[in-house]
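Take a look at the structure below.
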Amino acid sequence: MAEDTEYKKLPVEERCVHKLWKARVDGYEEAAKIFRELDDEKSPEWSKFAGLIKKMVVDSNALAQEKGLEAALIFVENSGLAGRTVGDVMTGIVQKCIAAPKTKTKELSVQVALMYVEIEKQEAVVEELVKGMEAKNPKIVSACVAATTLALREFGHKVIGVKPLIKKLAPLMSDRDKTVRDEGKQLAVEIYRWIGAAMKAQISTLPQVTLKELEDEFDKLKGERVEPSRYLKSQQEKQAKIADAAATEDAYNEDDGEAGVEEIDPMDLLDPVDILSKMPKDFYDKLEEKKWTLRKESLEVLEKLLTDHPKLENGEYGALVSALKKVITKDSNVVLVAMAGKCLALLAKGLAKRFSNYASACVPSLLEKFKEKKPNVVTALREAIDAIYASTSLEAQQESIVESLSNKNPSVKSETALFIARALTRTQPTALNKKLLKLLTTSLVKTLNEPDPTVRDSSAEALGTLIKLMGDKAVTPLLADVDPLKMAKIKECQEKAEIKIKVAGPKKETRPASAPTAKAAAPAKTVAGSVDPKPVTRPATTGARKVLKKPATVSGGGATSAPTAALKAGGKPLATEREITPEELQEKSEEILPAEILNGLVDSNWKNRLAAVEQLLGEISGFDAKQAGISQILIRTISGRKPGLKEMNFQVLKFKLDIIRSVAENYPLTTTTVDLVINEIIEKLADAKNGAAAADVLSAFAEATKLEYVVGKVLSFAFEQKSPKVQSEAFNWVNRSIIEFGFQLQPKTLIEDVRKGVQSTNPTVRASAIQMVGTMSMYMGKALMMFFDSEKPALKSQIQVEFDKNVGEKPPKPVRGVQRSSGGTAGNSPDNEDDDGGAAGEEEPINMADLLPRVDIAPQITEALLKEMSDKDWKTRNEGLTKLQAIISEARLIKPSIGDLAPALAHRLVDSNAKIAQTTLAICEQLATAMGAGCRNHVRNLFPGFLHALGDNKSFVRAAALNCINSFGEKGGYKEFFESEMIADALKGGSPALKTELWAWLADKLPGLPPKSVSKEDIHSMVPHLYAHICDRNADVRKNANEAVLGIMIHLGFDAMNRALDKQKPASKKDILAALEKARPNLPVKPLPKGKHQAPIPEEPKLKTVRGGGAGGAPGIQKSATARVAGGQDKQVPARKKDEDIDTSPLLCANSAKNQRLLDEQKMKVLKWTFVTPREEFTELLRDQMMTANVNKALIANMFHDDFRYHLKVIEQLSEDLAGNSKALVCNLDLILKWLTLRFYDTNPSVLIKGLEYLVQVFQVLIDEEYILAENEGSSFVPHLLLKIGDPKDAVRNGVRRVLRQVILVFPFVKVFGYVMEGLKSKNARQRTECLDELTFLIESYGMNICPQSAVREIARQISDRDNSVRNAALNCIVQVFFLSGEKTYKMIGHLNEKDLSMLDERIKRAKKTKKPTPPPSVDVPAPQRHDSIEIEDAEVGNGCDELPPPDEDGTFDQAPSSQLLLLQQQLQQLQQQAQQQKPSGPFGLDSQVISEIEKDWVRVDQMEQKPLLNVDISSLDEPIKVRPTRAGIHYPQEKFDRLISRQHYMQQTLTTSPSSTAGMTSGVSPYRSPMRLQHQQPQQQLENNIPNLADVLPKHDPQLVKVIKGVSSTDTLKARAAINELAAIIEAPEKQAVLRDYEEIFIQNVLAQFKNLSQIPSAQSVVVYQPLLSILYTFFHANILGKTLSVACIKNLMSALLNLMADPKLAVGDDSQYNKVINGICLKVLDKVDFTNLNCALIRLLRETCPEAKLPKFTDLLMKCIWRNVKMLPERSNELNYDAVILEVHEFMLALPSTWWQNRPSDTPMRTIKTILHNMAKVKGNAILQHLNQIPTHSELHTYLIRILKNFQKDGSASGIGASPQRAKEIASKRISHQTHDTVSQIFKLISDRDTKQQGLQKLYDFKQQNPDIDLSTFLQGSSAPFHKYIEEGLAEIERNQNAGSTQDNRTDVNYQNNGPDPDFWMDRLQYHMTGGAAKLASARSADDGSHMLDNKVVDENLCLNGMNAQKASLIKREKRDMSPNRLQHLQAKLAQIKKENHAQ
């Protein structure tokens, strides 16, 4: 048995490949377990198993194979590497699994296949399954078919492509195996379910019996709705949202109930065919034959080809289309015309969208041919024009359509109208803009009145269809002049019309998301007439809804149309709304506005109107922005109520305009509302007093809608006015708006308006317009001047002067933009945040060529001109070309539509007359310039002619052809040149001259073209010709072909070109390979292949932009390309190339080119060296920079070689050159570093390691020379270096660390720190770990000066990282920060969860044991000297030295600034020096004489009479503590509790401590120190000092107790109540309460969590938990030792929850208000129990967070009552208050909510409450409160207010009342102290201040107080410190105790336990006081409060004297006190607890 299980000791990976099948099963199961636990798909663990998955699925053992499939399924589902395994795994599944005997194995194999589909590997899965369908085993075939069917059923046809499956149906259906046939049938049915009837054509070849069976199955599926049941992983989240949205919408949309099959285009299932190659060679010749039968034969052949091959391959069909068009237009035989029309229809259908290039030439001819009346011809023409329309649009053919509707022939008009009607049934409404709609409607209305009834009927049908499509609202207003009879006919046609496509109509209104307000009477469901703003033409976009099977219909009036001015290119429509009727307006305005305002607006007295508008303006911001139509209601109320905006009083009008502006700024605004008032506001621009206000209103309108829309309205209305003032001011406003908003306008429209202004006769208007033109010139440049070329010279000179003012000025940045409202309306929703809102962004460059009006020269290209150009006489042809030149020159800019001119020019390009060809080339170049980008449409026709001319024998023709090609390329792009293999055809049969020129052109242009701009297939077609020409006999051809190799290699790559060599002859391979190898070094470095999860690299601009110069045209590219390819070889003889190519220059040259490179990068002239993966542009840039810097050419070639061995050679050469050429290294350092960064992205480790070794040498040289890296050098190197710090190889990581440590010495470490911080964002856990280690090193080396607080917070976030190494590194880094910053670290790290914080605390504890904190080097101050630790017998002894206590090792949270720290340490040193000089000789460093003087009157303890102790039965202490059982089984273990209570080994330790540790231990609790830290720090310090305490000997974070506490927050009420009962048993027992001391924070958090849970369930269910929960909370705060150390945040959250419960009537069930009483009692307990400082801070913080929120008023009132209660207690508890913390919290309140914020609030009571706190603190502290303002800026509101308070105190004489309450101050003032009494007390205090007489002074002071009990001594203690107060009080108390003790032997054991005596809590607290060291607390208080560096000398002397007296007193007590045994201490604790319990019971 031992041998059988031996394999379990092996790693999982080895078990998975073990020879023993049981071991493999175990390995597979363990692997599956590991896969389930991995939650990171990119975890390195996945890579260990990636290669094993394929073996798991083909395991020879059946059981192991099953387990392997289970593991593989989990792997594929969760791993990011699963995609890499699909090929091997699917092959194994198909071969071994899918037809396995075991059912589970088959099921698992199918599930794995489906999971691969889910992770988007469906192509590979289908490919393998299709291969399996060809297997010999029928079981495998049937299983593969079944799996494919299942995948198609679950994922749908969009994921599983059906095209390859349809091809397999025929063999599957005819297979001899019945199972295969049945599965094939199921697959066919499933395919039909998804694609419908489109499949039938594909299976028509099947046997009729099979077809009949399938048809029967298909009929069963009719009407079935199909949807995927499973989605790809990338779609799942999106589909879930879509499904939810669809479910919601379907509830309100009944018309979507019908199910339908999403139709698929049958053409998508076909393969395209090239029919051009199949056409007869004599086709065109036959088509020109005179005999019609021959022409018919030619067309029949074409028709057969088109019928047999419905889908056509892309190609050059221009000649075929022209031939068919010629037959249609010219042929007199109607049969041939019909055949040509049918062929044209088939051709258009076969090319689909690709026919668009030919549509414009065909449509006019077809419309014209409709004059033919033969039915067969008309039918054929209809089919043709309908097929062509699928590739074009009505807008593109509008001119031809309008012209045909004006034709004289009625048939043409009728058929054109019918064509429009048919086209509209297949057109989306959005395709018809307002201009086109108006044009069509106007033309059709004209034909509607034709005398021919056919024309009228056709026109009515077209108009009816138009109304059906667009809606009545859009079309009916354009039919106002149509008589009723014709309108009735149109309506009849509208009803009959049927839209044949799914119209993306406007989205239906759904229910409002929230209920309407109480005032608004809006219906529950929005109706069509709603005034809610909505997009005008917003289509429905429900992605989950399928297209209905039957054609959808659109009801009239369903769509609305937006004004074209409201649209911007690529923008979204503006919001509109329904115009409210006057009755509705009256009703709604009365609902929201008071009657006095409405009446005042129409009052005849202007003063009343003024008062009304003033009142309305003040209330304008208080309305509900979500109320429908609020803007329209308010604006129309102002403008619609007489006198409205016709107001004659300028003051009233000013307020009205301000109201409208405020509405536009604060509420959603639509164009409907703007249109109602904008004209009246534009008129007010001319108002002398209110013009500016009107302009502000227009600007507000522009912000709320769009600037373009408002500007259009303003200028349009201004020119309708005759007032020059209005026009002038309108131009002025537009001018200002352009500057404020940026140029967010359509320049073309604006230019037309401004030209009107420039041409105005009024000089003011003209001047304003000219000024606006000058502003426009800043945005549009000097080209704007061409629009004013036709103006008069004087006017042009004025415009030029304005242009000159703005020469060289950049447009200012926009300061205003589209308003972003949160109202939630359509007009201001995030959906409408388009580009118009980006006011702050840079304006897009304006293409002036697009703005210039273009002329359509198509009408001028007449048949006569074309005939003249094709005349046989060359002179006539030349005259025709000359006329054409004149036409183009006159038009200057033309439209791309030039009719049949392009084919005519193509014939002239190959003209036999060279002069004609040259002229034609010049015309083509002229066309490109005049046409712009549109010239690309004619490349297919003209480019073959250009290439022909490029091979002409005459050089001037070749030069003209080259210029023409370049012009077309620059204007329209080069992509079209490479399509259709035009270049390949030219190279194939061209002349040597053509080959030479064409290869030269390609060598020039190809390197500069972006890689993806040209299809690889098109370039690949040139490779065979390239190889042939490399070996051509012509030397020039060979030379230029060799030069073109690099350009082609850039696009195809070396490997692809190398593979193409296989088809070459062996004799040619050597030369071709040599050419490839020569070009290869110049090839740019390839970027890393993109992984599955890597973001795609965006396509970069052309290479010319890399150089960053101004002129980036063709010459620049040509020059650079030549330099890259040949390196000057065109000047050399090829025979001597090998010798002359050797570069003997130094590797690196010393020059000053580096400075220029740095300047270029700073000025953004070149690319910044920042990238994720190196792209080609960066490689080319670096190569060019190296060439410019004269780097050795051979070195450059090796640097950019694809083979890594060349890179190693480069590094070796550079290393050898380093020693003797360091100056050159510095000059080229940036280039070397950049090249090495490229190597960081290579995968070869040898290059990487060698490169790092070289970098170590380089930086050592730089360090020796004390060189400092430039900013550009460091920023281009360090970030890339950090990428390799997380490399898996140790050698690489170590090298990177070594280099980085060197970089710090030559580059500012602060910047290095920033780059390392950026490295934390990496997804690589190892990189994050290393970066954190480097940050630790930097912080340790350079201190906290380099580490901002935000960086510490970011580092702390890494503590919660999943990776353990990252967590440890982050913890180490924060520990280092803690050593330097102390407790301040906790504030810097921000919020951490409990788990992370506990880890950090534990790590800090451990680190402090091994390493002491060292101050950062930035503060060079000598450390304070510490005295040796002194062992004492009790913790009550103080420091025993008259110096400030040394700082606590744990530090404090709030550290003083560095300057204050320096001052404190200097003062500390002085005090230490004084102490050393005057060091007493007595014990503990005290003065023995003083000790003797103090001891002389004391009575020793052993001399006192012993008084018998009370006989108290303490047997109960030995009884076990009973724990109440609960139903949930939650309890604290009894044996553990007993062990904790009686842990004797802690009690028996020697009680020793040191002054420093004691002082540190008992320092006051900082209000900012979290309770979690207190739990760790205080017990740790107590254990270190061996101070016994019940709570301290308990375990910290006992898991069982934590489980009980966390049970309180359980959502299970039974479990929660059980946990509450368990805790109640602990809290109610005083002896057990100490257990919870360290769990207070956790307990409160869980209580709050339960409160949150209860708030979400009904009251009836929650009450049963509220009762015990509130009870235990009351008990908790009623306990003596609990609740005192809660943090500020915990108190704030608790008080918020309690006050919310009191404010919320949820718990007030019936008349019973007991719950509120209980909660009120809890609040009072909290206010009395918790730390007073933390309480005040928490309440102030809660008030700060409450005020801006919409909290219940009762909540705020309760909160302020709590604060007022604290204010009343302030004089009594002032000693407990940390003034610094409270004042800082008040400061934060005033910063967040300053006094200005309260001015607009209805009540400022909270602010006055806060000021009351300050007032009372100032009254208590007096001027001393200024000592607590260290953290408050002097310019703050708090500081100013305190100074004002103190000044008032001085005036009132109240500043002396420090430390007294107001009531006490009155009592003191009422009592007149005599001068003699005052002198007496002063003499007594002088005695106390003297060391020799202080005891005598205390006795006299006690006697004086006994004799004068009415005199308050606090008056005489004003100005002294708190420790001196405490010394006086304790001294008097000690004397009183001695007096009362009388003859008793031990006054500390004479305790009266009567009920009227002190509360037992007092004795427990006093016991705790003695245990933890009362004197230590005094020392801590002294260190916290005395502020010695701020007080005067008198107070300092008093404090120092006090220290000495404390030391003497402590020393005496310790000598006389007996040892207290641990047992006695334990029994005393238990006895006091018992007495306390009895006291409570009574």
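Every residue number used here counts from 1 along the chain in the order it is shown.
Any Cβ shown, glycine's included, is placed from N, Cα and C.
The annotation region 'TOG 1' is assigned in Swiss-Prot to 1-229 on the grounds of a curator's inference. The region 'Promotes microtubule polymerization' annotation in Swiss-Prot covers 1-516 (among others), and the record cites experimental evidence as its basis. Here Swiss-Prot flags 1-505 as region 'Binds tubulin', drawing on experimental evidence. According to Swiss-Prot, the repeat 'HEAT 2' annotation covers 160-197. Residues annotated as region 'TOG 2' in Swiss-Prot: 267-505. The repeat 'HEAT 3' annotation in Swiss-Prot covers 270-311. Look at Swiss-Prot and you will find 498-821, 1099-1428 tagged as region 'Association with microtubule lattice', backed by experimental evidence. What Swiss-Prot lists as region 'TOG 3' is 581-814, and the listing cites a curator's inference. Here Swiss-Prot flags 745-782 as repeat 'HEAT 11', drawing on sequence analysis. The region 'Disordered' annotation in Swiss-Prot covers 804-849, 1083-1140, 1407-1455 (among others). Here Swiss-Prot flags 849-1087 as region 'TOG 4'. Residues annotated as repeat 'HEAT 15' in Swiss-Prot, with sequence analysis given as evidence: 1017-1054. Look at Swiss-Prot and you will find 1179-1415 tagged as region 'TOG 5'.
In terms of C-beta pairs under 8 Å, the stretch of 581-814, 849-1087, 1099-1428 lying closest in packing to the region 'TOG 2' (267-505) is 849-1087. Within the same chain, residues 565, 568, 707-708, 711-712, 715-716, 719, 724-725, 727-729, 731-732, 734-735, 738-739, 788, 791, 795, 798-799, 802-803, 805-806, 809-811, 843, 846, 848, 851 sit at least 6 positions outside the repeat 'HEAT 11' (745-782) and bring their C-beta atoms closer than 8 Å to a C-beta of that stretch. Across the repeat 'HEAT 11' (745-782), DSSP classifies residues as 31 helix, 0 strand, 7 coil. Across the repeat 'HEAT 3' (270-311), DSSP classifies residues as 22 helix, 1 strand, 19 coil. Along the region 'TOG 1' (1-229), the predicted structure has mean pLDDT 86. Summarised by DSSP class, the composition of the repeat 'HEAT 2' (160-197) is 31 helix, 0 strand, 7 coil. Note: the repeat 'HEAT 15' (1017-1054) comprises 31 helix, 0 strand, 7 coil (DSSP; helix = H, G, I, strand = E, B).
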